[in-house]
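Feature annotation from Swiss-Prot assigns FMN binding site to 11-15, 112-165. Look at Swiss-Prot and you will find TYR13 tagged as NAD(+) binding site, backed by similarity to another entry. The domain 'Flavodoxin-like' annotation in Swiss-Prot covers 5-192 and rests on sequence analysis.
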Amino acid sequence: MATKVYIVYYSMYGHVEKLAQEIRKGAASVDGVEAILWQVPETLQEDVLSKMSAPPKSDAPIITPNELAEADGFIFGFPTRFGMMAAQFKAFLDATGGLWRTQQLAGKPAGIFYSTGSQGGGQETTALTAITQLVHHGMIFVPIGYTFGAGMFEMENVKGGSPYGAGTFAGDGSRQPTELELGQAFHQGKYIAAISKKLKGPAAA
């Protein structure tokens, strides 16, 4: 049976979604892994999103809390809001009380990726505060550390991401993830998928 890795994300302007798509490619490159993209539900009304000039959502399916139980590993992605995950993703996690009660996510590996508006805009604080959500579910946080190699030490150009996970800077919204940031995202997907497969054990395809 294939190891299921869910890439679950919230993206308002598409920056996190671009990272998510690359992460899925990386996870799917691991033999025996089924990598699936999911969006969490939007909490803002359409008229509000329109006033914020938010583009239409992609066709990635909307996940429900109970569907998390079907996965063997996770990579969660979200934009930063004042140094923490966006409220839309927090609202989704707040609805996982039933899974917490039955401990259906305990022992499962999970990684984190993110987007901020600027350097120093909360990439590491967003990751740090998100870890508390994993801890209460008994999940295993899987950082990428410095496994991305030389790409972690890029100094000539602006680059998002950290040992906590892949990331990008959106700026005023016009900046898009760079090739290096997308490369780190692909690496994260591949890295966490391989660990998820290993933790699942011999039952994995």
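For all residues, glycine too, the Cβ spot is worked out from N, Cα and C.
What you see is a predicted model, and the numbers here were worked out from it, not measured in a lab.
Structural mapping of features recorded in Swiss-Prot.
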residue	record	DSSP class
SER11	FMN binding site	coil
SER115	FMN binding site	strand
GLN123	FMN binding site	helix
ILE131	FMN binding site	helix
MET139	FMN binding site	coil
THR147	FMN binding site	coil
MET155	FMN binding site	coil
PRO163	FMN binding site	coil
Determine, using Cα-Cα distances only, which of these binding-site residues is closest to TYR13 (NAD(+) binding site): SER115, GLN123, MET139, THR147, MET155. SER115
Close in space but at least six residues away in sequence, with Cβ under 8 Å from that of GLN123 (FMN binding site), the same-chain residues are THR80, TYR114, THR116, GLY160, GLY161, SER162, TYR164, GLY167
SER11 (FMN binding site), Cβ-centred 10 Å count of other Cβ atoms over all protein chains shown, is 25
Within a 10 Å radius of its Cβ, which of these binding-site residues (ILE131, MET139, MET155) has the fewest neighbouring Cβ atoms? MET155
CB contacts under 8 angstroms to SER115 (FMN binding site), restricted to the same chain and 6+ apart in sequence, sorted by sequence, are SER11, HIS15, VAL16, LEU19, GLY77, PHE78, PRO79, THR80, GLY160, GLY167, THR168, PHE169, ALA170
Chain-internal residues near THR147 (FMN binding site), provided their CB is under 8 angstroms and they sit 6+ positions away: HIS187, TYR191
